[in-house]
Each structure stands twice: as structure tokens, then as C-alpha cells.
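If you check TrEMBL, you get these features:
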ACT_SITE  Asp146  active site, proton donor/acceptor
BINDING   Asn10, Glu384  Mg(2+) binding site
BINDING   Lys17, His206, Leu207, Gly208, Asn209, Gly210, Asp281, Cys282, Arg283, Gly329, Ile330, Gly331, Glu332, Asn333  ATP binding site
BINDING   Arg89  substrate binding site
SITE      His178  site 'Transition state stabilizer'
SITE      Arg239  site 'Transition state stabilizer'
Amino acid sequence: MSDKLILVLNCGSSSVKGAVLDSTNGDVLLSCLAEKLNLPDARIIFKVNGEKHTVSLAEKPNHTGAVEALMAELEERKLDKRIGAVGHRVVHGGERFKESCLIDDEVIKGIEECIMLAPLHNPAHLLGIRAAMSIFSHVPHAVVFDTAFHQSMPEHAYTYAVPRELYRKYGLRRYGAHGTSYRFVAAEAARLLGRSEEGLRLVIAHLGNGASIAASNSGKCRDTSMGLTPLEGLVMGTRSGDIDANVFPFLHNNAGLNIEQITDLLHKQSGLLGISELSNDCREIEEAAGKGHEGAKLALEVFAYRLAKYVASMSVAAGGLDALVFTGGIGENSNTIRSKTISYLGFLGLTVDEKANLAARFGEGGIISQAGHTPLAMVIPTNEELMIAQDTAHLAGIE
């Protein structure tokens, strides 16, 4: 147990998610969620020891107001003096940021330069960073990039088959996402298997409302499904994943949609929601499928089939397969999705023990493949906040 704690912040355009952690053991002493920022009913919800309470942010319904309310809560609980550093999640670090780092003016400038690659996310991260650095000015601040893990991809994996000038001029290439989760899960898989990360070949599926998959060899990313943006790859809650790029002129010419409308359709109206015509929530879709809803059944099958195809292709990128690992909200809790996916992958030697698969839910992980069979199939709950806290503590010299 450390006397110094790490505050982890994840700032969105209308929200701030925070947690105060002991980076040595992962204990969360306080968590919070500020939501509906920039609206009259903005609020922040605190959770301590299982107890929740809500504070209105109506007087200052922005990122600064949220961080000020968090500081007030920490002061009231005598935790403010124990904050040793603040760690910030940033979605996109482009090619510039290959690892976590302490924040200074040059880092801020670098995050600004990546706004073109993440116009919805990086500006919100910067708002949160500036607010936190003003209020927690007495401690170091670090930034952990979702894209950093994927910077070890070989050139042939991240290169798009478009004119090279577009890469040189605009950075048009595959970047990936969920990197902090992948880094945690890859290390945790090695620990649970009693192996060194060196030589360990993993395919990790981070499945939530946003979903992606990555190939890891020796703890390094070899390929991933998300691309220039988080739209590419797997079927997701409301995102289409892979689709013929010519859908843009097709829908423009035949449905009269403009670029913004088509982009919105592919990001917010597609995926599980679009196929099922019911919901983007996998739990609701599974329930409906169990009652015979044809759209729900099709949505689950398309999701699992696309995922299985990617598991096979990522096994090529990993140089083979020692274990398939499921993580993220769906990956950790949907025994149905896991079973359906593995059912397509028997040719790789993957199996599922349905009893173990059913038990590996609600925070419980473990091996879900049949005894004596390889490759293994595993469930490992991710912990991005702990990964950010550990990086931050290391950079701030708090370990």
C-alpha cells in the first residue's frame, strides 16, 4: 500500500470520469462520473465504499466545474493531500507518442496536433487536462495514449493501399484503439499462465459498445482491427465496422444522403442496433434472441462470425496462437458471444468448456477452453484505470 494515491481522469466532450487509486494494489478509494456537461442539469456522481451521492454542477457546468467539485470532495474526505500525481487518458497520440509521458507544453502541443485524427476526443481531453493542471497544479501530470501500444505494428500492417502521399501529408494509416486495455491484458495473460511475455502469442478481443481485436507477440502489437478511426473492424454497438468505402457515393446517389449523414449512419445507427432494429445493448439483444426475435438472432451471428474471421486473421499476425483472450464489457460477460465465436474456430483447435464459460462472468475470469486442448481460450477482466495509474506512478517516481 502506498501513502500517495493516483487520480486517473478520462475526459469526454460532455463527461469526466475519474478514480482515485492506490497504484500498488489497484484499490479504488473513490470514483466519480460528471455527466451532461454544458447543460443546465450537469451533475457529478461520487461513489465511495459502495455508497453514491450526487452534486449539482449547475453553477459551473463544464470540465473545470467538474474537477473543482472533485477537489472539494477529496478535501472533505482528507484525500487531497494524498494525491501524488494525475494520469490522463488520451485517445489519439498519432505517430508521435509511442509511450506514456509526463505532460509539458510540448506534449500539449503534440496532442493538439493530433486533433485532426481524433476531432471528437482530443479537444475534450485537452479541456480536462488544462482544468486538472490548474486545480491540481502541485503534482505531476502524465498522459497515457490509447494508440501507443499499437505503435509497434510493422509498416506492412498499418499501411493502407492508397497513394503514399496521403500518408506523408495527412498521416493516413491504421492507428488502432483500446491500447491501454491490450497492454494490461497481455501482461495479465502472461502472469496467469505463469509465462514470460517473451514469445507469448495472443489474440485479444476487447468487446464493448466499441469493439476491436489485436494480435500480440511478446507483449508487442503486431496488428489490430481499428484503423484511422474506431469505425473500422468488428461489428460494434452502433458502428458498422468493415464496410465497402463505396457506400458513400452509393448512399449519396441513391438515398440522397450527404457525407455528414452517412458518417452519422455508420457511427451511430449501424452495428448491433442497425441489424437487430432493436438495441445496441448486447444483453437486450441476447434476451430478445432467446425469445425468437429474428433480427436479434442475426445480429449476434453477424457479430460472432465477423469476430471469428478476425481471430483467424490476427493469428497470422501474431505468428501463431497460444491463447485467445476475451475482455471488455461483452467479452467479459457474454458467454453466448464467446461460445458462438469459438464454434467457428474449431479448425484452429479452439474449444469451449460451457461450464467454465458460464462461470467466467461478472468480474470472474479464467480459462474457458476444454482441459488438455490448445490454443487456450481465456477471459481476463481489463483494468485500464490501473494501467494508467501504474504508468503515472512510475513516471512521477511514486512506486
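Each Cβ is built from the backbone N, Cα and C atoms, and glycine gets one as well.
Features as recorded by TrEMBL, highlighted on the structure.
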{"residue": "Asn10", "record": "Mg(2+) binding site", "DSSP (3 states)": "strand"}
{"residue": "Lys17", "record": "ATP binding site", "DSSP (3 states)": "strand"}
{"residue": "Asp146", "record": "active site, proton donor/acceptor", "DSSP (3 states)": "coil"}
{"residue": "His178", "record": "site 'Transition state stabilizer'", "DSSP (3 states)": "coil"}
{"residue": "Asn209", "record": "ATP binding site", "DSSP (3 states)": "coil"}
{"residue": "Asp281", "record": "ATP binding site", "DSSP (3 states)": "coil"}
{"residue": "Ile330", "record": "ATP binding site", "DSSP (3 states)": "helix"}
{"residue": "Glu384", "record": "Mg(2+) binding site", "DSSP (3 states)": "helix"}
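Geometry remark: Arg283 (ATP binding site) versus the residue listed as 'substrate binding site', CA distance 27 Å. Arg239 (site 'Transition state stabilizer') carries neither a helix nor a strand DSSP state and counts as coil. Calculated from their C-alpha atoms, the gap between Ile330 (ATP binding site) and the residue listed as 'active site, proton donor/acceptor' amounts to 19 Å. For the pair formed by His178 (site 'Transition state stabilizer') and the residue listed as 'substrate binding site', distance between Cα atoms is given as 11 Å, rounded to the nearest Å. Farthest C-alpha pair in the ATP-binding residues Lys17, His206, Leu207, Gly208, Asn209, Gly210, Asp281, Cys282, Arg283, Gly329, Ile330, Gly331, Glu332, Asn333: 24 Å apart. In this structure, the CA atom of Lys17 (ATP binding site) is 12 Å away from the CA atom of Glu384 (Mg(2+) binding site).
A C-beta separation below 8 Å, combined with a sequence spacing of at least six in one chain, links Leu207 (ATP binding site) to Leu234, Leu307, Phe326, Thr327, Gly328, Gly329, Ile330, Gly331, Ser334, Ile337.
It is 9 Å from the Cα atom of Asn209 (ATP binding site) to that of Arg239 (site 'Transition state stabilizer'). Listed recorded positions near Asn10 (Mg(2+) binding site): Arg89 (candidates Arg89, Asp146, Arg239, Asp281, Glu332; Cα-Cα distance within 10 Å). For the recorded positions Asp146, Arg239, Asp281, Glu332, Glu384, a Cα-Cα cutoff of 10 angstroms around Arg89 (substrate binding site) retains Asp146, Glu384. Nearest by CA distance to Glu384 (Mg(2+) binding site), out of the recorded positions Asp146, Arg239, Asp281, Glu332, is Asp146.
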